[in-house]
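Engineer: So that we are looking at the same thing, I have put the structure below in structure tokens.
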Amino acid sequence: MGKCSLAVDIGASSGRLIAGYMKNGKLQLDEVHRFENKLVEKNNHFCWDVEGLFSEIKEGIHLSLKQGLKPESIGIDTWAVDFVLLDEYDQPLTDAVAYRDPRTDGMMEEVFKTISKERLYLETGIQFQKFNTIYQLYSIKKSNPEILEKAKSFLMIPDYFNYLLSGKKANEYTNATSTQLVNAFTKKWDEELLDQLAINKEMFQEIHPPNTELGSLRKELVAEFGFDMKVLLPATHDTGSAVIAVPEVEDTIYISSGTWSLIGGENTFPICVTKALDYNFTNEGGIDYRFRFLKNIMGLWMIQEVKRNYQDQFSFAELVDLANESEHYDGKVNVDDDRFLKPDNMIEEIQKHCMETNQQIPKKPGEVAKCVFDSLAVSYQTAINQIEEIYEKKFDRINVIGGGAQNEMLNQLIADTTKKQVFAGPIEATAIGNIVAQLMTLGELKDIYQARIIIKESFYVKKFVAKDKMEELS
Ligand SMILES: Nc1ncnc2c1ncn2[C@@H]1O[C@H](COP(=O)(O)OP(=O)(O)O)[C@@H](O)[C@H]1O
Ligand SMILES: C[C@H](O)[C@H](O)[C@@H](O)C(=O)COP(=O)(O)O
Ligand SMILES: [Mg+2]
């Protein structure tokens, strides 16, 4: 058994601690802890319970020891864009407000009064999502300027957890790019943008790339756990870690399928051409300064909310079964309409959209679920057409990674809609990408190329082909 690394992967709907190590030439995973993540309402904002999440991280470290594991290192990845501001005493100045909070409504348009959309895109290469960090900071500047004046440290969510673990402050590159404040070419904070927006530059920390050793545990945590660990920086943007786990990325379009569906490719250069801007694609930072050329699609957030609206009486698997039994229903919605970003009631919002577009209104749970899955497949097809237009290349393979890879109906829908080969898995791609980056830093793995070979050999993926192609083959 090789050196063991502990990945902390916290997405918008769930978190998990997974230990990983090399054994008999393959990557072995041991799930140590899993917990729910969800939005909480605090001080009239939608927020993340970062205190609760940090307690879950500590619980997971205790459990890893109880399972006889003694990890050499720990690495944290989470969702993007959100942050905490600390004052001169290193105390939080704000709650960890979530990207779905309406505080950024209208802020993008406000920023465009100072910096044009085209300029922002040409320098950062980042997609225009109303909740990007730049707009969150601008909303604070507008509503509570004194907070930005007092702020001494800007830490994104994984940076903040790293600070709580190690006492060290840094901004990690892949996640920093999601702020739309990092220059795609210098890979540094774009000080000209910050000056133009009059956002104080001093609070930003030095940007470090993945595969960096940040430090070790605070001494009080060593005393609590009974052992020390290196605190390493994987790709702390969860999607950055997930994409590392796409074994044959050159010829593949990936769909990182979780709360969001992140669909795209991987390049060694940013694509900031007008067509990429028009189609709203992003160039988020990847490992080895690669670029994740992708776009956000509303994703399985919609079925998460449908599940919640039905008071969790159905599991995700049961909603898929009910959708499979609703072949008669074929209504579809535009999943990327902002109306689905945070509706009061997702089912009612879907029903309203169908009524407005003169479609049969989904009434039964299976019809609502099928509407979500059919609509996601249509949105994936649109994005794939755009990707192939920009790349001037056809892709034959789609790799669905993340929890959504368990949705076999959606995997089949993707194959039927796109007529491409769909490979589903690994489910825990994000944690795998996190772990292999740590093992590279520890010297267990040589580089991303070796890591991807090992991932391909270590994890089963299930293949889906279009039904009409299966009939041809049979
Ligand atoms: N057994 C299952 N069958 C179908 N879909 C599933 C199953 N388990 C999980 N999922 C899907 O996976 C999603 C969660 O994926 P995950 O990658 O864990 O999300 P995140 O990292 O955003 O929290 C759920 O919203 C659900 O739609
Ligand atoms: C708000 C961001 O676009 C979002 O975090 C996305 O980048 C992402 O990483 C989503 O990950 P999930 O695991 O929460 O789907
Ligand atoms: Mg995730």
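Cβ from N, Cα, C; glycine included.
Bear in mind that the values here come from a model prediction, so they are computed numbers and not experimental data.
Among the features that TrEMBL reports, domain 'Carbohydrate kinase FGGY N-terminal' is placed at 6-243. As annotated by TrEMBL, ATP binding site applies to Ala12, Ser13, Ser14, Gly15, Arg16, Thr259, Gln304, Gly403. According to TrEMBL, the substrate binding site annotation covers Ala80, His237, Asp238, Thr239, Asn296. The feature active site, proton acceptor is assigned by TrEMBL to Asp238. The domain 'Carbohydrate kinase FGGY C-terminal' feature in TrEMBL is assigned to 254-441. If you look up TrEMBL, you'll see Cys354-Cys371 marked as disulfide bond.
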Engineer: Counting across all protein chains shown, how many other Cβ atoms sit within 10 Å of the Cβ of Ala80 (substrate binding site)?
Structural biologist: 30
Engineer: Can you check what DSSP calls Ser14 (ATP binding site), collapsed to helix, strand or coil?
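Structural biologist: DSSP assigns Ser14 (ATP binding site) to strand.
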Engineer: Show, in sequence order, which residues other than Ala80, His237, Asp238, Thr239, Asn296 on the same chain lie with their Cβ within 8 Å of the centre of the Cβ atoms of the substrate site.
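Structural biologist: Here the non-site neighbours turn out to be Trp79, Asn175, Ser178, Gly240, Ala242, Ser256, Trp260, Leu262, Glu284.
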Engineer: Considering the binding-site residues Ser13, Ser14, Thr239, Asn296, which residue's Cβ sits among the greatest number of other Cβ atoms within 10 Å?
Structural biologist: Thr239
Engineer: Could you state, as a whole number of Å, the largest distance between Cα atoms of any two of Ala12, Ser13, Ser14, Gly15, Arg16, Thr259, Gln304, Gly403, the listed ATP binders?
Structural biologist: 18
Engineer: So the record assigns Ala80, His237, Asp238, Thr239, Asn296 to substrate. If I measure every Cα pair among those residues, what is the longest distance in angstrom, as a whole number?
Structural biologist: 14
Engineer: Quick one: give me the count of other CB atoms within 10 A of the CB of Gln304 (ATP binding site).
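Structural biologist: So the Cβ neighbour count for Gln304 (ATP binding site) comes to 19.
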Engineer: Do you know which of the recorded positions Ala12, Cys354, Cys371 has the most other C-beta atoms within 10 angstroms of its C-beta?
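Structural biologist: When each Cβ's neighbours within 10 Å are tallied, Cys371 leads.
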Engineer: Anything from the binding-site residues Ser13, Arg16, Thr259, Gln304 with its Cβ under 6 A from ligand 1? List those in sequence order.
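Structural biologist: The qualifying binding-site residues are Ser13, Thr259, Gln304.
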